[in-house]
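Student: Okay, handing you the structure first.
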Amino acid sequence: MPLFNLTSPAPVTFILAGIPGMEKSHIWISIPFCSMYLVTVLGNWVVLFVIRTERSLHQPVYLFLSMLAVADLTLSTTTVPKMLALYWFSAGKISLGACLTQMFFLHFSFSVESVILSAMALDRFVAICHPLRYTAPLTPSVVVKAGLVALLRSFCIILPCVFLPKRLPFCGHNVIPHTYCEHIGVARLACADISINVVYGLAVPIAAVAVDVLLIAASYVLILLALFRLPSRTARHKAFNTCSSHLCVILLFYIPAFFTILTHRFGREIPHHVHILLANMYVLFPPLLNPIVYGAWTQQIKEKVLGVFNCPKSCLLQE
């Protein structure tokens with residue numbers, strides 16, 4: 001006899017509860033969240049526009065950066081509009097299909113971004129340790145293939161996380177104490193054994209991200225060893241500056257992610273609304289800050305962005 005009936009009816013809709021205990025503050029919370037989302041969309045589209053239109057930026061590092069911008073837009077757009085609708089209009093209802101779709105793109109974009117960051121670490125390793133051969137292995141076609149590998153790996157890892165909750169029976173309890181759908185949160189509503197969901201939902205994605213982190217760490221160990229062998233402090237400083245923005249983006253991405261995972265897993269004494277706020281911040285902060293970091297610390301992008309915004313003034317002066 002099966003552990004549960006696969007034909008058990010699932011609820012037509014789930015209900016996203018928002019931030020438990022802070023329902024009266026939803027409008028005030030939505031103001032900074034909406035502002036951050038608008039800046040996120042603007043910043044990442046500006047980065048994409050500048051890289052697309054400026055031929056001198058058609059280099060591996062900037063192609064990877066454009067992929068990162070697309071992943072950031074996907075991560076934030078998957079969750080924030082529904083979150084704002086919940087805050088503004090109490091529109092917490094979400095169908096099972098929409099919930100699973102949101103869940104897929106949330107975890108998928110996270111995985112893709114992790115692969116892209118590891119590919120960017122390899123790009124910095126080649127640029128610093130083998131500068132004379134930088135353009136030979138990292139051709140545009142190789143970068144595109146790396147992007148396709150990131151998509152394929154993430155798709156294969158995340159797709160089971162969608163089908164595992166889909167096969168579970170739900171017995172009427174359909175309130176998700178969160179602002180968006182995520183795998184374990186949905187699985188916990190089922191009236192069946194979810195041990196497979198817990199094991200797969202934690203072990204497989206975390207193991208995949210751990211591989212990316214180890215690859216990034218190994219790349220930067222080799223980069224540091226190469227920097228120490230440079231003859232002058234000026235050369236070391238100049239070489240390190242080429243990967244400082246990437247290091248900042250890595251910290252912005254992984255530290256909040258691991259902190260959220262660890263507090264959710266082991267922080268039993270932390271109030272539930274704090275967990276939800278941290279989860280909301282995670283889908284907003286990295287996509288918001290990534291284009292700012294690269295725009296401020298990467299001279300080529302900063303010059304092109306300033307050129308775009310100063311163009312009308314310069315054109316008027318020329319006339």
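In case you wondered, yes, glycine gets a Cβ from its N, Cα and C as well.
In TrEMBL, annotation is done automatically, which means it is predicted and not curated.
Residues or ranges marked as domain 'G-protein coupled receptors family 1 profile' by TrEMBL: 43-294. Residues annotated as transmembrane segment in TrEMBL: 27-51, 63-84, 104-122, 142-165, 202-227, 239-262, 274-297.
For each feature listed, report its degree of burial, its nearest neighbours and the pertinent distances within the displayed model.
Tutor: A Cβ distance under 8 Å defines the sequence-distant neighbours of the transmembrane segment (104-122), meaning residues of its chain 6+ beyond its ends; these are 61, 64-65, 67-68, 71-72, 74-75, 78-79, 146-147, 149-151, 153-155, 157-159, 161-162, 180-183, 205, 208-209, 212-213, 215-216, 219-220, 246, 249-250, 253, 257, 283, 286.
For the transmembrane segment (142-165), the list of distant contacts is 60, 63-64, 67, 100, 103-104, 107-108, 111-112, 115-116, 119, 183, 186-187, 190, 196-197, 200-201, 204-205, 208: same-chain residues at least six beyond its ends, Cβ to Cβ under 8 Å.
Cβ atoms under 8 Å from those of the transmembrane segment (274-297) belong to residues 18-20, 33, 36-37, 39-40, 43-44, 46-47, 65, 68-69, 72-73, 75-76, 78-80, 83, 106, 113, 177-180, 182, 241, 244-245, 248-249, 252-253, 256-257, 259-260, 263-264, 267, 305 of the same chain, restricted to positions at least 6 beyond its ends.
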Student: Mind checking which residues reach the transmembrane segment (239-262)? Cβ under 8 Å, same chain, six or more beyond either end.
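Tutor: For the transmembrane segment (239-262), the list is 68, 110, 113-114, 117, 120-121, 124, 127-128, 206, 209, 213, 216, 220, 223, 226-227, 230, 275, 278-279, 281-282, 285-286, 289-290, 293-294, 297-298.
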